[in-house]
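Listed in TrEMBL:
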BINDING   F67, A68, I69, Y72, D157, V158, D159  UDP-N-acetyl-alpha-D-galactosamine binding site
BINDING   D157, D159  Mn(2+) binding site
ACT_SITE  E249  active site, nucleophile
Amino acid sequence: TLTHGSGSVFLYVGKCDSKENFLFHRRSDVLMMTPWFAPIVWEGTYNSEILNEQFRRRNVTVGLTVFAIKKYTVFLNKFLETAETYFMVGHRVNYYIFTDRPEEVPKVPLKEGRNVVVLQVQNYPRWQEISMRRMELINSFSQQRFINEVSYLVCVDVDMRFNDQVGVEILSNLFGTLHPHFYAAERQSFTYERRPASQAYVPRDEGDFYYAGGFFGGTVMEVYKLTKKCHEAMMVDKAKGIEAIWQDESYLNKYFVYYKPTKILSPEYLWDDDLGRPEILKKIRFLALPKNHAAIRNK
């Protein structure tokens, strides 16, 4: 039995014969299922060939949104190059790049069926404001554009690089990613917004996991609902002079407490090497780049 937060999950460990039997893909060292029966995706728990064929038959196009505001455009080249190597290989992808500096978007060679779409937006004086505006912009473009162009949206941070395969195993109606700092922590240590006056407030006896703001997604309609709810909550708080402790991540976590994700990604999908390389991480798929925050934020 593995316990996390408010639930316990019993794992069945199957033994494969000489011909690999994918019906028995199991790991006994990690939590593989939430109390509401949403799978948690780890290496060794799925078969990519079966999944790829399933999504190809559905003719799926995936949208990848990323924000490169101000000096964050310096991360775009590495981000796009590594995405072309590892992200949704063999599937159609639209890279939606929100930026105030469209002239700085690099020309990276793309495979067939993959496109860079530059969406020009304004910048804001404070990086916290930029971070929170992401929900508003994703929401607006989901309704105006994304719903007509892609089946799923994957929303990630730009100051990262793809380090291993990130494929259709992540796709679901609504998914979040376990925060690398808190995936093994107890609820009491989660850094939810704890002020009752904030719309992002989560009581101390609520919440199952702590999710990273830098990797979430789902169908366009579900992402639209999530970003709409989060943006509306932010505007209520702003009118009261409140800024949640971790900006958009706080509102995302509040949303997931009451609107459960249908799939959860393990920390393989958002990792920072400052935390080392625990044995349970068989692969590091999306990795934070070393950076000097002071030199980039608000520049």
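Keep in mind that glycine also has a Cβ here, set from the backbone N, Cα and C atoms.
Heads up, TrEMBL stuff is auto-annotated, nobody curated it.
Features recorded in TrEMBL, as mapped to the structure shown.
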residue	record	CB count, 10 Å
F67	UDP-N-acetyl-alpha-D-galactosamine binding site	22
A68	UDP-N-acetyl-alpha-D-galactosamine binding site	22
I69	UDP-N-acetyl-alpha-D-galactosamine binding site	21
Y72	UDP-N-acetyl-alpha-D-galactosamine binding site	25
D157	UDP-N-acetyl-alpha-D-galactosamine binding site	20
V158	UDP-N-acetyl-alpha-D-galactosamine binding site	22
D159	UDP-N-acetyl-alpha-D-galactosamine binding site	20
E249	active site, nucleophile	24
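Among the residues F67, A68, I69, Y72, D157, V158, D159 said to bind UDP-N-acetyl-alpha-D-galactosamine, no two Cα atoms are farther apart than 11 Å. Looking only at the binding-site residues Y72, D157, V158, D159, the one with its C-alpha closest to E249 (active site, nucleophile) is D157. Highlighted in sequence order, V66, T73, F75, L76 have their Cβ within 8 Å of the centre of the Cβ atoms of F67, A68, I69, Y72, D157, V158, D159, the residues recorded for UDP-N-acetyl-alpha-D-galactosamine, and are not part of that set.
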